[in-house]
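Inspection log for the structure reproduced underneath, given as structure tokens.
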Amino acid sequence: RRRQDTAEEEEIDETPQEKKLRLAKLYLEELRQLGESWPAPAPREGSPGTQPSPHSPCLPQRRSHILLSLQVQPPDPASIRVLRGHQLPVTCLVISPDDRFIFSASKDGSLIKCKWEVESGKRLCVVPGGKKGTEEQHMGHASQVLCMAISSDGKYLATGDRNKLIMIWDAAACKRLHIFTGHRDAVSGLSFRKGTHQLYSASHDRSVKVWNVAENAYMETLFGHQDVIAGLDSLSRDCCVTAGGRDGTVRLWKIPEESQLVFYGHQGSIDCIQLINEEHMVSGADDGSVALWGLTKKKPLALAQRAHGMREAKGLEEPYWISAVAALRNSDLVATGSHSGNVKLWKCGEGFRKLEPLWDIPLVGFVNSLKFSATGDFLVAGVGQEHRLGRWWRLKEAKNSICIIPLKQAATGPSPEAPNSS
């Protein structure tokens, strides 16, 4: 009993840093006893000799890297549900963290359909827009909406448009709360840092901005890209990744250090990007390539050329552009979209050094946005007659719609909820 009291007194006297170190050591000892051989957590950059807590995203999350490609069965095209309502091409969408709702937006600046119920397919909320310059008087956007993001607690929805504006919404009530101004060109990428209300935004003005949505506050601006930024994503760490269009780079932005890492691999305009987990990401470009990256390597770990095949244009053959990528977080399952007539599912090979095609899902039109549900039960595609960033072609046979693609899973194997457990 006396020994226990002494231990408790020592714990009270220890500094926060010593407590973190002690907890990390306890955590690693538990893993060793379980027979796991994981490496010790690496020190955070800029803090020599310190170690993150056991709950830090810097620790390996091997348990959560589920091989979901082994569980998912080929989707049945007849089971795809199509939600109609957008008059113009769907440009972006997100799924609520509980997988119950889909939020979507389109090129139709005068009318933005906001909220759909996944189970019934019903449209629950329609937000009207207005003419340019009247955003303060009207509830919605007055120009094309290019991107959106939802916070991990489902409280806030953020939308960005061609008119340089970011709007913050109460997701449950579809009520606008704030308008953020500051970008000097179209807002093309948005992402909430997981577990927080910190918002990252990217723009055609080549900058990345950081906002605190809960405090309705601007925080900082980061520069580096040499062309318009076409996409952005983030997870738990205080950093984000961006696709730099025709400057040919993918960048990792370390927010506290105000520094960036530059990655090269695509030959064309890099138009879409998503993190798979805290150490890997996937990107797509208009040269038809899909790349898998490790955040510590400047070159792709795997590169699939002409991922959606070739198309004939004016007597010449060119690759189908990759217009959307999605990853089921912390798994080996990736999806890509183009205007090739199908969505493709891919398996990330061992060590993320291979990109192996699994199945094609027939879907006519420009696939401008792709999102997996948190559980991996379904994939949602935002489809349009035009590409979300321009009007280079128009596919008349396509329907401006949202497509819900069920992903059948085998009865055995780890729970599909595991990918989000980290």
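Just so you know, glycine gets a Cβ as well, placed from its N, Cα and C.
Unlike curated entries, TrEMBL annotations are predicted automatically.
What TrEMBL says about this one:
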REGION    37-60  region 'Disordered'
REPEAT    83-111  repeat 'WD'
REPEAT    138-170  repeat 'WD'
REPEAT    180-221  repeat 'WD'
REPEAT    222-263  repeat 'WD'
REPEAT    263-303  repeat 'WD'
Exercise. Where, among 83-111, 180-221, 222-263, do we find the most CB pairs under 8 A to the repeat 'WD' (138-170)?
Worked result: 180-221
Exercise. Any residues 6+ beyond the ends of the repeat 'WD' (83-111) with a Cβ under 8 Å from its own?
Worked result: 117-119, 121, 123-124, 126-132, 140-150, 152-154, 157, 159, 161, 171, 365-366, 368-369, 371-375, 377-378, 380, 382-388, 399-404
For this session: Let me know the model's mean pLDDT on the repeat 'WD' (222-263).
Result: 95
